[in-house]
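If you check Swiss-Prot, you get these features:
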- D14: active site, nucleophile (ACT_SITE)
- D14, D16, D175: Mg(2+) binding site (BINDING)
Amino acid sequence: MATVSMPCTAVLIDLDGTLVDSAPDIVEAANRMLADFGSPALPFDTVAGFIGRGVPNLVRRVLETAGLTPRVEAAEAVAMFHRHYAETNGRLGSVFPGVEAGLEALRRQGYRLACVTNKPRALAVPLLALTGLSQYLEVLVAGDSIAQMKPDPEPLRHACNLLDVDTAQGVLVGDSAVDVAAARAAGIPVCLVRYGYAGPGGPAALGADALLDSLEALPALLTPARLAPAA
């Protein structure tokens with residue numbers, strides 16, 4: 001794997017599917033929303049496959065799959081989902097194995113750490129607090145922190161700006177095609193975890209610069225030089 005001499009100083013990390021297995025919380029909230037509309041629950045894997053592009057997209061896909069569009073107003077459904085998700089957020093999911101050890105190792109080695117997620121701040125903040133992961137992170141860029149969300153590169157640039165580092169000195173860790181697209185647009189390397197919500201083809205099909213079995217494996221990949229993004 002190619003490397004360059006500029007050291008990586010910032011590690012930007014996705015939340016859902018990368019740090020936390022939040023699918024149980026999200027699927028439960030989505031199916032509670034469907035129940036409110038008198039619709040049967042969708043399979044777990046179906047709803048989990050919609051995670052990663054923000055709540056409005058997830059709710060839209062759920063409504064379409066359940067055959068509720070255009071009868072149900074999207075805004076009403078999003079509000080209903082948020083109400084249920086506030087109750088399930090951080091209650092059913094769990095931190096992936098190796099995440100805390102990996103974050104601690106990165107912090108100990110001097111890397112600046114930020115979470116960059118499409119999850120709204122009102123949901124991301126309590127989830128990071130409930131899981132204890134907020135103690136490792138200097139910065140949170142949520143889905144509504146700025147006008148753009150991943151796969152737009154601007155959230156990655158914004159995170160680096162808040163960390164006071166050049167974007168070129170960052171590396172993104174995620175689990176989906178959204179993360180790969182954002183990193184490519186920002187011109188930085190991207191590592192994908194082998195678990196998470198990559199979709200039917202799995203993470204190997206998404207063209208990341210490296211695949212991680214665990215976040216604990218990341219420090220070794222960043223030492224002594226940063227990963228170079230694929231051409």
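Placed from the backbone N, Cα and C atoms, the Cβ positions cover glycine too.
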Chain-mates of D14, D16, D175 with C-beta within 8 Å of site centroid, Mg(2+): L15, G17, T18, L19, I51, G52, T117, G174, S176, D179, V193, G196, Y197
Cβ neighbour count within 10 Å of D14 (active site, nucleophile): 28
D16 (Mg(2+) binding site), number of other Cβ atoms within 10 Å: 26
Integer Cα-Cα distance in angstrom, D175 (Mg(2+) binding site) to the residue listed as 'active site, nucleophile': 8
Per DSSP, three-state class assigned to D175 (Mg(2+) binding site): coil
Helix, strand or coil at D14 (active site, nucleophile) [DSSP, three-state]: coil
Other CB atoms within 10 A, centred on D175 (Mg(2+) binding site): 29
